[in-house]
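Scroll down for the structure; my scribbles are underneath it.
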Amino acid sequence: LPLLLEATLLRLASGSHHPFYNGFYYNHIMNDKGKGQEKVVYFNGAKLVVETSKDPIYSSSGANVTLPCHYHYEPNLEAKRKIRIKWSKLRDDYTKEQDVLVAIGKTYMAFGDFQGRAHLRQAGRREASLVVSDVRLQDDGKYRCEVIDGLEDESDVVDLRLQGIVFPYQPPRGQYRLNFHEAKRVCQEQGAVLATFNQLFQAWSEGLDWCNAGWLADGTVQYPIRLPRKPCGGLHLAPGIRSYGPRHRHLHRFDAFCFSSALRGEVFYLDQPAGMTLEEAKQSCQDAGAEIAQVGQLYSAWKFLGLDRCDAGWLADGSVRYPITKPRANCGPAEPGVRSFGFPSKGRFGVFCYKER
């Protein structure tokens, strides 16, 4: 009989005296049919348990973070065992998990973007915690800690959340001009990544209200509404995240919701008496040992560093914006925020520069 059917029959036929483990009886289920002899595998009867943090682990871009994971046996086993540990990252669109790291004993291998940044912390007995250095925006998400002991395989999931800010983005060409791949690229060009649903939901809970639909990292199109109104789903709908669901990633076009985290450097403002063109603004930043700031960097400086400047300045994408943390007369609306002048083809303004610390 096939292995699964045979195991099921054993469960039905077995009494309480048989060893029980994780819902299956394991003795007498592995047979060597080729040699005509039964191959019996016996287990110690101990249950393997893997535990991670039930609460999210918070970090920020450029920091180091530890994702806790421990395992034990019930009842306890004192003998040392050869354990294989695997960490993987769950994707937002529920496709194949991304390999992060595998380890046997002290030997481990990290994969992809995690090479040189990920290793195990095994300070305590039966610890399998993952340490990620130089955290990046795309590291945000859920991670699976998997422990393999022979035929036993148990896992648990921990959530890594970056402290950051979500901002809507339209390109210079105007509203609803981006397919999914273009939205992903323009966010990266602005020092950000496409936001996840959890990040958008957090931004909505903190007050984000935006009536234009935008791409998220999982390929869905959604938008956050705090104040219901007719053009934004109707007055009859409660506040919340409006969803168009998954859209065609090549054919359909919307705006983007980008996510940026804390900065490693600083954003500062430069000006000249007569203002500057965009090209002159870029050169001024270079002369100051910096580079013209990206939109995501300006939002992060506003959110995390309290940048407040009632003077419009160029940014790298050709837009003109300014950040206000303390609303006042002649500085836009009564709420804090990053104000936008759009993408002027003419005009002379100051510039926001970014410099690494």
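Cβ atoms are placed via backbone N, Cα and C, with glycine included.
According to TrEMBL, the protein carries these features:
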| type | residues | note |
| --- | --- | --- |
| DISULFID | Cys211-Cys232 | disulfide bond |
| DISULFID | Cys310-Cys331 | disulfide bond |
| DOMAIN | 46-158 | domain 'Ig-like' |
| DOMAIN | 165-260 | domain 'Link' |
| DOMAIN | 266-355 | domain 'Link' |
Helix, strand and coil totals (DSSP H, G, I; E, B; other) for the domain 'Ig-like' (46-158): 6 helix, 60 strand, 47 coil
Structural state census, the domain 'Link' (266-355) (DSSP three-state): 20 helix, 26 strand, 44 coil
Count of other CB atoms lying within 10 Å of the CB belonging to Cys310 (disulfide bond): 15
Disulfide-bonded residues (Cys211, Cys232, Cys331), the one with most neighbouring Cβ atoms at 10 Å: Cys232
Reported mean pLDDT - the domain 'Link' (165-260): 96
DSSP-assigned states of the domain 'Link' (165-260) in counts, ordered helix, strand, coil: 22 helix, 30 strand, 44 coil
Distance from Cys331 (disulfide bond) back to Cys232 (disulfide bond), taken between C-alpha atoms, in Å: 27
Euclidean distance between Cα atoms of Cys331 (disulfide bond) and Cys211 (disulfide bond), Å: 23
